[in-house]
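Asks: Here's the feature list from TrEMBL:
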type: TRANSMEM; residues: 6-25; note: transmembrane segment
type: TRANSMEM; residues: 32-50; note: transmembrane segment
type: TRANSMEM; residues: 78-98; note: transmembrane segment
type: TRANSMEM; residues: 105-125; note: transmembrane segment
type: TRANSMEM; residues: 145-164; note: transmembrane segment
type: TRANSMEM; residues: 185-212; note: transmembrane segment
type: TRANSMEM; residues: 218-238; note: transmembrane segment
type: DOMAIN; residues: 277-339; note: domain 'J'
């Protein structure tokens, strides 16, 4: 049955951030992506206003036309590559918040979450990518940055490059009933939101700590790239500035920025507590120089290395991990520690 452009625009206007128009057009991967990201943070949903006619035309192609494109490789797309990177990072951050308590999380859970995010974007529209190669690149990259939240970046980059390299058109398949499609989308949605909801409602205190630690690590990435940090700040403030230009509501500034300030203070206080604890673990006073931190780290590592304490392996391993974590916190750039 042919899809109508007016119906598509109506669904886009009513439930666009939830992907209703993509569900109507049979673009289930795109619908799931919009469900999990609320229309790409609203930006992707607005940008689609000019793309809907091409989406409708693609949905109305005949079976024979779709089969004729199966032997060719889709052209490379910078937008798709960037979207794969962003969604991969987003999936990784959500996994850090909701699943980082699991054993072997950085070996299994994190690369799996990032790889699935990249594959979801790769499957948008009439394209897809190789499942095994993309996940393989994510799993091979993960051990290099084991135990570090910054691992999300290289994992997403490696998976996105691999997905672009193995991009292809989707093979033609028979139509499925709406109930089957909704069932599959529902399972995928629950698989993404279920662990996060469980963590929030059943382990609230730990979840707040995970959120603060994850946000703190995310903000620390920008200490290496000040220009990227300023650009990100401008992008995050863009919706507020547009709202002010259109509405000019002074109450918006006071109420919403107070909430943002509370979140920022919470993350900052959490990071400060981590630094204070790190100084205690290394037995250093606050404000120690980088040379003092590095020297004390090397000294304590030699003392508490498990290979040198076989008569008390468990105690040595616990101290060794604490020393490693403390050094990682204090070895961040001076600009970040002083902010």
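Just so you know, glycine gets a Cβ as well, placed from its N, Cα and C.
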Asks: According to DSSP, how is the domain 'J' (277-339) divided among helix, strand and coil residues?
Replies: 49 helix, 0 strand, 14 coil
Asks: Before we move on, state whether the transmembrane segment (32-50) and the transmembrane segment (145-164) share at least 3 Cβ pairs under 8 Å, counting only pairs 6 or more apart in sequence.
Replies: no
Asks: Just to confirm my parser: what is the rounded mean pLDDT across the domain 'J' (277-339)?
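Replies: So the average pLDDT across the domain 'J' (277-339) works out to 78.
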